[in-house]
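Chemist: Pulled from TrEMBL, these are the listed features:
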TRANSMEM  A:6-25  transmembrane segment
TRANSMEM  A:53-71  transmembrane segment
TRANSMEM  A:116-133  transmembrane segment
TRANSMEM  A:153-170  transmembrane segment
TRANSMEM  A:182-200  transmembrane segment
TRANSMEM  A:248-270  transmembrane segment
TRANSMEM  A:282-303  transmembrane segment
TRANSMEM  A:380-408  transmembrane segment
TRANSMEM  A:428-446  transmembrane segment
TRANSMEM  A:452-472  transmembrane segment
TRANSMEM  A:484-502  transmembrane segment
TRANSMEM  A:522-546  transmembrane segment
Amino acid sequence: MELQTLTYIVVGFTFALYIGIAIWARAGSTKEFYVAGGGVNPVANGMATAADWMSAASFIGMAGLIAFMGYGGSVFLMGWTGGFVLLALLLAPYLRKYGKFTVPEFIGDRFYSRTARIVAVVCLIICSITYVIGQMKGIGVAFSRFLEVSYDTGLLVGMFIVFFYAVLGGMKGITYTQIAQYCVLILAYTIPAIFISLNLTGNPLPQLGLGSTISGTDVYLLDRLDQTVTELGFAQYTTAERLSTTNMFVYTLSLMIGTAGLPHVIIRFFTVPKVKDARSSAGWALVFIAILYTTAPAVAGMARLNLMNTIEPAAGENLKYDERPQWFKNWEKTGLLEFEDKNGDGRIQYVADKEKNEMVKVDRDIMVLANPEIAKLPNWVIALVAAGGLAAALSTAAGLLLAISSAISHDLLKGVFMPQISEKQELLASRLAMAGAIAAAGYLGFNPPDFAAGTVALAFGLAASSIFPVLMMGIFSRRVNKEGAIAGMVAGISVTLLYVFQHKGFMFVPGTEFLGDMPANWFFGIEPNAFGAIGALVNFTVANVVSRMTQEPPQEVQELVEHIRVPSGVAEAQDH
Amino acid sequence: MSFKSESDAKAYWKENISLVVKLIAIWFLVSYGCGILLVDVLNNIQLGGYKLGFWFAQQGSIYTFVVLIFYYTKKMGDLDRKYGVHDE
């Protein structure tokens, strides 16, 4: 069957499935809307968390970045999985014990301050919106390819679908749809990887295939890859660092603590019945995530090798532009792949030297979607990948929008400004907030600050510098008080935002960056995407110093800290 | 349910912290240690087609993270029961 028709059928079928589930499990009450009624099984919750978590950045963006960064791309692999260890050991069980709906609500109570709660809401909105921009980039890429239109049109269509889908469901709908989305996205990711690994190495497990020899030879795949890319002047694949060791260290740390501080992931642990379920649920989430994350490096390495081999099948024998494969033409239509015949020989030269390189634009975000086509896999696999990419982007966008809308309706309106608001009005407000968030993120998605994974990394930096430290101190220190928490959050996120904006533009608007994206101005050579860890350090320091200089928290707050450290008695905690 | 005595509460928290500190140390060692700081040294060792440091950065640390969380869940479950603060 024609690829386009097949893609429509597969994508259409999966969408019908999600919408069906969303209607079947739609939220009736605010509790169902925010925390799915609090009775989700930990394995199911782990799966939903994995879908929620693995966004367009993981699915579409990450392997593409690793393919071009090589070893340096490991920051994403370690950073986005290692954070779950922090989440499971330091936050999830205690926040579950406390048993409220939202992260700012906990911060407001623990630091006995409406101001703290409002500051937390602002931080949450800033990092969630940045995160949604990354999703929008992914959605734009996926839809533009799938509908064969320009990126901008693809993005508009995507915004419309996200809006319709997220506003309908609430957490209960989202939890069950996300389980379906996880199944779609993991199949879509692993099936092509298994095919490609079999083709290249004869080993069906991509995790082992990457470390195997190329079929019919005794050359290891990674050695061949290293050789191919270095001959064209690129850095060696298996050792190329991301800028410097310091930068890699800080980048990984920033992604890890950002992962543990992302509100839309944290609220997932409010949906399981007991404290021990919150612990194991984080483990299950990581198992489901690890299936994709250990496959990704194989996808990346093999995609890079296949791409290089397509363009230069034998040494010096470059592909003729007129004989370029169909996938090449399709991606040219989206504007995400561009060729310029600089030396006029009608052949494609793809080399590291900018003067001679004729692949003038290869958007990293297209790699995963293009990969099965480059490897000449059957059409149904290609269609499945399109569906998987959309599932990943949609599920995360929905989770994030939920976090944003609950922060606005539950924390700002109900919690601070209009406590007398009815349940119905609160639900309406949260749906309106979602619509606003989609519009804002979509608008910024026309000029994304970076590739999908890069934009998402920025969001993690912001969460790392604001939310994680304050939650951790709230649980592990009795001494940190409201003045400390507020000052810490403000200092952490300001330092990070300032650093990011000066290099990427104010609110990411191009042309407003006052220092430019130039490494010479980087603090210790740390790139803006990685700066969250420094912001977190500032947050911890400021919060502790300010707390020592001001009054101890009141007795009942110190008792609250004691209370959340005891795992039993969750039910009573919920009724507070 | 809560602790039988103040000293029980202190002992529970102390055991909890000591477990977490040990696990975080391993977490740091496999990712930042083997995957970043010592990567060049470990890359001299081959694991199949993988350089060992590269393997830790792209595969090994992730497998370790999964084991760490389940070990933590198991150990904390035991600890909760020991002090009678588990929910059934």
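Cβ atoms here come from the backbone N, Cα and C positions, even for glycine.
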Chemist: Quickly jot the same-chain residues contacting the transmembrane segment (A:380-408) by Cβ under 8 Å, restricted to those at least six beyond its ends, or write none.
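Modeler: Hits for the transmembrane segment (A:380-408): 3, 6-7, 9-11, 14-15, 18, 33-34, 51-56, 58-60, 101-104, 121, 124-125, 128-129, 131-132, 135-136, 138-139, 141-143, 145-146, 158, 161-162, 165-167, 169-171, 174, 177-178, 181-182, 184-189, 191-192, 195, 263-265, 267-268, 368-369, 371-373, 429-431, 433-434, 437-438.
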Chemist: With Cβ-Cβ distances below 8 Å as the criterion, list the same-chain residues six or more beyond the ends of the transmembrane segment (A:182-200) that contact it, or say none.
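Modeler: For the transmembrane segment (A:182-200), the far contacts come to 14, 47-48, 50-51, 54, 59, 206, 209-210, 214-215, 221, 288, 291-292, 295, 298-299, 302-303, 305-306, 368, 371-372, 375, 377, 381, 384-385, 387-389, 391-392, 395.
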Chemist: Is it the case that the transmembrane segment (A:452-472) and the transmembrane segment (A:282-303) touch, counting contact as three or more CB pairs under 8 Å in which the residues of each pair are 6 or more positions apart?
Modeler: no
Chemist: So are the transmembrane segment (A:484-502) and the transmembrane segment (A:116-133) touching or not, going by 3+ C-beta pairs under 8 A with a sequence gap of 6 or more?
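Modeler: These two stretches do touch.
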Chemist: Count the CB pairs under 8 A between the transmembrane segment (A:282-303) and each of A:53-71, A:116-133, A:428-446, A:522-546, then give me the winner.
Modeler: A:53-71
Chemist: Need a quick answer: max count of Cβ pairs under 8 Å to the transmembrane segment (A:428-446), which of A:53-71, A:116-133, A:522-546 is it?
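Modeler: It is A:116-133, which has the most Cβ pairs under 8 Å.
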Chemist: Which bits of the chain, at least 6 residues beyond where the transmembrane segment (A:53-71) starts or stops, bring a Cβ under 8 A of a Cβ in it?
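Modeler: Here the qualifying positions are 77, 80, 131, 134-135, 137-139, 141-142, 182, 185, 189, 229, 235-242, 265, 285, 289, 292-293, 296-297, 299-301, 303-304, 307, 364-369, 371, 388-389, 392-393, 395-397, 451-457.
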